[in-house]
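Note sheet for the following structure.
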Amino acid sequence: MTTTPTRHLYDVVVIGAGGAGLRAAIEARLAGKKTAIISKSLFGKAHTVMAEGGAAAAMGNANSRDNWMVHFRDTMRGGKFLNNFRMAELHAKEAPERIWELETYGALFDRTKDGKISQRNFGGHEYPRLAHVGDRTGLELIRTLQQKIVSLQQEDFAATGSYDARIRVFQETTITELMLDGDRVAGAFGYDRESGDLLLFEAPAVVLATGGVGRSYKVTSNSWEYTGDGHALALRAGATLINMEFLQFHPTGMVWPPSVKGILVTESVRGDGGVLRNSEGKRFMFEYVPDVFRKQYAETEEEADRWYTDPDDNRRPPELLPRDEVARAINSEVKAGRGSPAGGVFLDISTRLPAEQIIRRLPSMHHQFKELADVDITKEPMEVGPTCHYVMGGVEVDPDSGAAFGSVQGLFAAGEVSGGMHGSNRLGGNSLSDLLVFGKRAGEHAAAYLDALPSRPKVSRVDVAAATEVALAPLARADGENPYTLQQDLQAVMGDLVGIIRREGELSDALKRLHEIRLRVATVAVGGGRRYNPGWHLALDLRNMLVVSECTAKAALEREESRGGHTREDFPKMSPQWRRVNLVCSLDEGGQVHLERKPVPAMRPELFDLFERSELAKYLTDEELGEE
Amino acid sequence: MKRHFRVWRGDSSGGDLEDFDVEVNEGEVVLDVIHRLQATQTPDLACRWNCKAGKCGSCSMEINGMPRLGCMTRMSTFTADETVTITPLRTFPVIRDLVTDVSFNYEKARETPAFAPPAGVAPGEYRMQQVDVERSQEFRKCIECFLCQNTCHVVRDHEENKEAFAGPRFFIRAAELDMHPLDARTDRKQHAQQGQGLGFCNITKCCTEVCPEHIKITDNAIIPMKERVVDRRYDPLVRLGRKIFRRDQLEAAGESVPRATPATAETPSGRRLPESPALGPDGRLDIAELSAPIQGGPSPFGEDITFPLPPERVTYHHPDPS
């Protein structure tokens, strides 16, 4: 088999074929750029399909009092004010347009009585805000974008006789390295899974849309693709990562049976009336409402139950607190010995809604439990517990353009792989709208970057040879570490030592162990050939998982407070001083993770004024409040 | 507990079933067992998977001869000493082990005309009633696992039909757009009949049977599409009207008038296409067929077969790559 990569020339290469990647590719193609989409799986299988609840956008269809300012406030509160305010602002302002646009691509959302897009309640959102299709909104989104790309290809076919003339999907293709010319992106190097052939994409602009890092954890809702590829590619190309200590553990993952451990139970179950109970049958969430949220949440079961039918005159049930709060509460109940047999708690909708309504409102949950766990959710409660779900941290980007910070130019990032938008904790429903808003922006600005570029950067042969050697090394070694064992060891370190609740000693220990695993990853060996060899693919992914895990562990050790998706048992309080600090990771010349502190950008005054001073006082330092 | 498995291994040049004894724990599914095989015995065993929750449609395979999703097939559905035989999808060319080349489906997707937005309706101004969108939403549940495409006997073991036949996945796509309240195109049915080879389908309902999303492919998409095509093409008044208005065009294009009998058309190569079931005098499908003791007509696997097959009867031979 040849070691010479096949060359492809494009204007924009989008790495990742989930929502953000497809939306970026559509925009780049509409701007007239020849665009390649790199999909690690088959086209249309991306992890976006797993998103259930919906896409948050302040369209005001369900409650006319909703608008972008309310959405902005909710997002900032959810993220504990660590969010990049400009990203949260753009997101809240542009989300409705992005959703409406999907309808022109053929999306069919659920409707209100007057024929508009229906919007549902979700944790942390003040008004019903999530555009949805039952509980399979992610599938609708990915299929809609996939079909829009096909329709663009049909236009190109009519114009040129080739479907692939202006936008082409490279299915089952993985990028292992970005190619640089000085500081400029010159292309991307990778392999085709099906054939094992090496590929070289020569392109002056690359959009990263590779999603998250969940496969580094034992219990995760994420698929095998989520190995932090984009994070690692960005680091190695000279870009920086921020907020890597913030991982969202979704409070309700399935805990039984073992085969589906980690798989998500949508928050809509709670939004539609589901309640959490411990083994004593107690609805325990009322005891876990933190002070900052006390004003917005009900104090009695009666008030909470009234809210479902009369949200204007009652406060929300505490089951709908932001995800980090609910995850921590479940964790505490289980630790206190009040958990379910499989080590979770009970989520019950069966006693709350008639069976017929459960099936209509939560069809895929009903289906999922019936088929995977042999549990009928209309008759019995589910067993649920926290599962690693989303990484808030990611590539540090310019909020308006999605261009990566650091030394590299021509690199853009959108969706889960980018950082800043969600601060320390993401609200449910904000990821689908995030990837549409910033996917579009990244595609648009990648195209604009190209227009301003004086000359096309060149890929160096030396770099290609080096990337080839790295890619083929695991196959060349006669014997060495088994990649599956290494992955399990890595998952054990991250799950046990860098999990939901973190401690200084464990984090230092984790860093030591990660260093040992790094040495072992360098000697990983796999048998078999290059054609569709999952052992080889995992061996290459390990490198990325490892460096990203190091960033997470390092940042988690550094940040001495508890905030959103980062809980330190030894520093249980949220600190206004730490709110002003972003932790930024980069790689030094030796490939070691380097961590530094950078100030969080200060909010513009008119955005500041959207909040009551008493609320800001809970998060901000006196000094910051005094400046106003 | 150790269980016995037979897994097809090989590539386009050939292969065979290999025997494995694997540990199986309570509550596991077939895909878990494949992952355990990869981690302990065969690190290079090729198998697609993604979500492990029946939402992405990647891990399609044939388990004891039945097209299924690996992640949705619980080990508890087999008897304790039953051998589980896993083979790749038979309708598509093998790449390696359980991974097949499903590009056929992506080509057919490209040939299905996309949603046509209504003229003069701005984004944000789309108004539709829930009851109207629900019909199309059923088909948009499709996770593109391609089990229906794989099981459809029009193309299973009939490579020669692939060119003219889009398959159940794309019939529901056509039906979805046909039933979309705001789609601007009005020729979805004609396209299904003339461009997608809907006439090949003789509604044996195998596709419906294997659909993991329980989409009623035959009843809710294919039959309505067939009936409406029939209405449109065989209503004598419509036909007469067409002849009068369109004669010039038809003559200029050198086309013949649409045939009066359904789908006994001939392909360009002169090969005769499979026939649709006979239509009643009202131009609709005979209701008797739908209420027959065996739903939808003869199974492509024969009437005397029940699934799962005993392992000794699974004689899997992948068709030659040619």
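Heads up, the Cβ atoms here are built off N, Cα and C, so glycines get one too.
According to TrEMBL, the feature domain 'FAD-dependent oxidoreductase 2 FAD-binding' maps to A:11-432.
Long-range Cβ contacts of A:K45 (FAD binding site) within its own chain (separation 6+, distance under 8 Å): A:S39. Residues or ranges marked as FAD binding site by TrEMBL: A:16-21, A:39-54, A:D229, A:E416, A:431-432.
Of all the Cβ atoms in the protein chains shown, 27 others lie within 10 Å of the Cβ of A:T266 (substrate binding site). Sequence annotations record features per position, and here TrEMBL assigns substrate binding site to A:H250, A:T266, A:H389, A:R426.
Residue environment of A:R323 (active site, proton acceptor) contains 25 other Cβ atoms, counted within 10 Å of its Cβ in all protein chains. Taken from TrEMBL, the feature active site, proton acceptor covers A:R323.
Taking only the Cα positions, the spacing between A:R426 (substrate binding site) and A:G53 (FAD binding site) is 14 angstrom. Taking the centre of the Cβ atoms of A:H250, A:T266, A:H389, A:R426 as the substrate site, the nearby residues of that chain (Cβ within 8 Å, site residues left out) are A:S221, A:Q248, A:P251, A:L264, A:E267, A:R323, A:Y390, A:G428. If you take the Cα of A:G16 (FAD binding site) and the Cα of A:H389 (substrate binding site), they are about 18 angstrom apart, rounded to a whole number.
Among the residues the record lists as binding substrate, namely A:H250, A:T266, A:H389, A:R426, the two farthest apart have Cα atoms separated by 15 Å. A count of other CB atoms within 10 A of each Cβ picks out A:S431 as the most crowded of the binding-site residues A:S41, A:S431.
Rounded to a whole value, the Cα-Cα separation of A:G53 (FAD binding site) and A:H250 (substrate binding site) is 13 Å. Straight-line distance linking the Cα atoms of A:V49 (FAD binding site) and A:T266 (substrate binding site), rounded to a whole number, equals 13 Å. Neighbour density for A:H389 (substrate binding site): within 10 A of its CB lie 28 other CB atoms from the protein chains shown. Nearest to A:S41 (FAD binding site) in space, judged by Cα atoms and limited to the recorded positions A:H250, A:R323, A:H389, is A:H389. Counting only the Cα atoms, the space from A:S431 (FAD binding site) to A:H389 (substrate binding site) is about 12 angstrom. The highest number of surrounding Cβ atoms within 10 Å, among the binding-site residues A:A20, A:V49, is found at A:A20.
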